[in-house]
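Enquirer: Marked as K(+) 1 binding site by Swiss-Prot: Thr26, Ile27, Asp93, Val180. Under the heading NAD(+) binding site, Swiss-Prot lists Gly150, Ala151, Trp152, Lys176, Pro177, Ser178, Glu179, Gly230, Val231, Ala232, Ser233, Gly254, Cys286, Glu387, citing sequence analysis as support. Marked as active site, charge relay system by Swiss-Prot: Lys162, Glu464. What Swiss-Prot records for Leu246, Lys457, Gly460 is K(+) 2 binding site. The annotation site 'Seems to be a necessary countercharge to the potassium cations' is assigned in Swiss-Prot to Glu248 on the grounds of sequence analysis. Per Swiss-Prot, active site, proton acceptor is recorded for Glu252, and the stated evidence type is sequence analysis. Marked as active site, nucleophile by Swiss-Prot on the basis of sequence analysis: Cys286. Under the heading cysteine sulfenic acid (-SOH), Swiss-Prot lists Cys286, citing sequence analysis as support.
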Amino acid sequence: MSRMAEQQLYIHGGYTSATSGRTFETINPANGNVLATVQAAGREDVDRAVKSAQQGQKIWAAMTAMERSRILRRAVDILRERNDELAKLETLDTGKAYSETSTVDIVTGADVLEYYAGLIPSLEGSQIPLRETSFVYTRREPLGVVAGIGAWNYPIQIALWKSAPALAAGNAMIFKPSEVTPLTALKLAEIYSEAGLPDGVFNVLPGVGAETGQYLTEHPGIAKVSFTGGVASGKKVMANSAASSLKEVTMELGGKSPLIVFDDADLDLAADIAMMANFFSSGQVCTNGTRVFVPAKCNAAFEQKILARVERIRAGDVFDPQTNFGPLVSFPHRDNVLRYIAKGKEEGARVLCGGDVLKGDGLDNGAWVAPTVFTDCSDEMTIVREEIFGPVMSILTYESEDEVIRRANDTDYGLAAGIVTADLNRAHRVIHQLEAGICWINTWGESPAEMPVGGYKHSGIGRENGVMTLQSYTQVKSIQVEMAKFQSIF
């Protein structure tokens, strides 16, 4: 693909130049080519976007629930009509295989938007009787202008996960995509406008997180920030949001999730789940089950099943339908993952497979890392303690149920967890003891629109998806009505 035209900001229903004068490049990680130069939003641009959003939000919130629902449903239809076009752009920007982006990224994002479009008419208050002459009623009102700050691994899906409940509740959103993968969020803004969303209700500000993101978190005109990213960045976003104007926050942060295989499990099923929990999207999924706990007596057989499945990984032309494994999202990220792999070797973990740059026809210029499996791992190793966010699985052995529960919970993270077992009683007994917000039994990775997702401990605050997320984009107003004559003591 030839280099795209310079990308601008999207404010008040159209493209506009950034006042900052700064730009950055977005790179195709499959081959190292520059996709586009992108303008970076500065402080004045954030001010413009907030003013625009405030204007648009008043119009949007004044519409009836059914009017808002129809507009969002129209956007869903456009997303599905342009699925392949958007998936190709997502593949170019992220490096993910087209077989993945065309069946997951836009599809699941559109599902969430459709889900919230359907929930809009259900937003309602309550009536509380006090006595014969008095009652209270409540209203759920929008927060106003909210900000979404996205991560680079699922650009358009995250933009939809954040904007769908926010818009459904009557808010306007200013969205800052990751500077690594900014392109499809701009296309989403076009689609919202085409569907009939009032100008200003969804503005997109590409830019560097340390600048544009900070301006958003500090701006007094923004009522809430929803952030997806790393723990360290999330803590800064939360601190800035609270210090500036006590903003509400939703934080979807990192994980180092345990996948526990029990001795009664079907090892073929367990190996299939472990592969998806580590190598789907080249391991760049926040919920990945990178700590795979296996009974010591089953480990040798489990390792052989993993090796057999690694042979089925197909890296190569990301637009080939047979390719199921792409490069990492950027060269700096590739180098960081390689540093973790080197650390694993240094600390004594045994490389079962991979462990280096992936080379071959058409791969040499991209940010490729071989699917890597470490075994003979221990809990104190860096690769077991820290989030790598790449195609790196760590296999750990254990002897008892109590031991594996304790070790699985021995982490600052608490995003996800899963178990593989044939014993239903054990499944529920163990899953109830795991300190994680998203849990799976005999499966991994699905996050449907109806399912609240979010973490315990350092993995986040609040939830995305599900009914409760729609409510989190509202504030409750209580109104007392007195029908008898008011009595004053004065």
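A Cβ is built for glycine as well, from the same backbone N, Cα and C atoms used for every other residue.
Keep in mind it's a predicted model, so treat the numbers as computed, not measured.
Help me see these features in their spatial surroundings.
Expert: Secondary structure from DSSP puts Ile27 (K(+) 1 binding site) in a beta strand.
A coil conformation is recorded for Trp152 (NAD(+) binding site) in the three-state DSSP classification, outside any helix or strand. Cβ contacts within 10 Å of Trp152 (NAD(+) binding site), excluding its own Cβ and spanning all protein chains shown: 21.
A sphere of 10 angstroms centred on the C-beta of Lys162 (active site, charge relay system) encloses 27 other C-beta atoms.
DSSP assigns Leu246 (K(+) 2 binding site) to coil in the three-state reduction, placing it in neither a helix nor a strand.
The Cβ of Glu248 (site 'Seems to be a necessary countercharge to the potassium cations') lies under 8 Å from the Cβ of Leu143, Ala223, Lys224, Val225, Ser241, Ser472, each of these being in the same chain and 6 or more residues away along the sequence.
Sequence-distant neighbours of Glu252 (active site, proton acceptor) (same chain, six or more apart, CB under 8 Å from its CB) are Ser226, Phe227, Thr228, Cys286, Val453, Gly454, Gly455, Ser459, Gly460, Glu464, listed in sequence order.
Using a 10 Å Cβ-Cβ cutoff, Cys286 (NAD(+) binding site) registers 25 neighbours.
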Enquirer: I'd like to confirm something. Which of the binding-site residues, Ile27, Asp93, Val180, Leu246, Lys457, has a Cα closest to the Cα of Val231 (NAD(+) binding site)?
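Expert: Minimum Cα distance from Val231 (NAD(+) binding site) across Ile27, Asp93, Val180, Leu246, Lys457 lands on Lys457.
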Enquirer: Taking the Cα atoms as reference points, how far is Lys457 (K(+) 2 binding site) from Ser233 (NAD(+) binding site) in Å?
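Expert: Computed Cα spacing between Lys457 (K(+) 2 binding site) and Ser233 (NAD(+) binding site) is 15 Å.
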Enquirer: If I take the alpha carbons of Leu246 (K(+) 2 binding site) and Pro177 (NAD(+) binding site), what is the distance between them in whole Å?
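Expert: Distance between the two Cα atoms comes out at 23 Å.
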Enquirer: For the K(+) 1 site given as Thr26, Ile27, Asp93, Val180, which other residues of the same chain have their Cβ within 8 Å of the site's Cβ centre?
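Expert: Those within range, site residues removed, are Glu25, Asn28, Pro29, Leu35, Thr94, Trp152, Glu179, Thr181, Pro182, Leu183, Val329, Ser330.
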Enquirer: In whole Å, how far is Lys162 (active site, charge relay system) from Ile27 (K(+) 1 binding site) when you measure between their Cα atoms?
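Expert: For Ile27 (K(+) 1 binding site) versus Lys162 (active site, charge relay system), the Cα atoms are 25 Å apart.
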Enquirer: Among the recorded positions Thr26, Lys162, Val180, whose Cα is within 10 A of the Cα of Trp152 (NAD(+) binding site)?
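Expert: So the list reads Val180.
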Enquirer: Counting distance between Cα atoms, which of the binding-site residues Asp93, Gly150, Glu179, Ser233 is nearest Lys162 (active site, charge relay system)?
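Expert: Given the candidates Asp93, Gly150, Glu179, Ser233, the nearest one is Gly150.
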Enquirer: So if I draw a 10 Å sphere around the Cβ of Thr26 (K(+) 1 binding site), how many other Cβ atoms end up inside it?
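Expert: The answer is 24.
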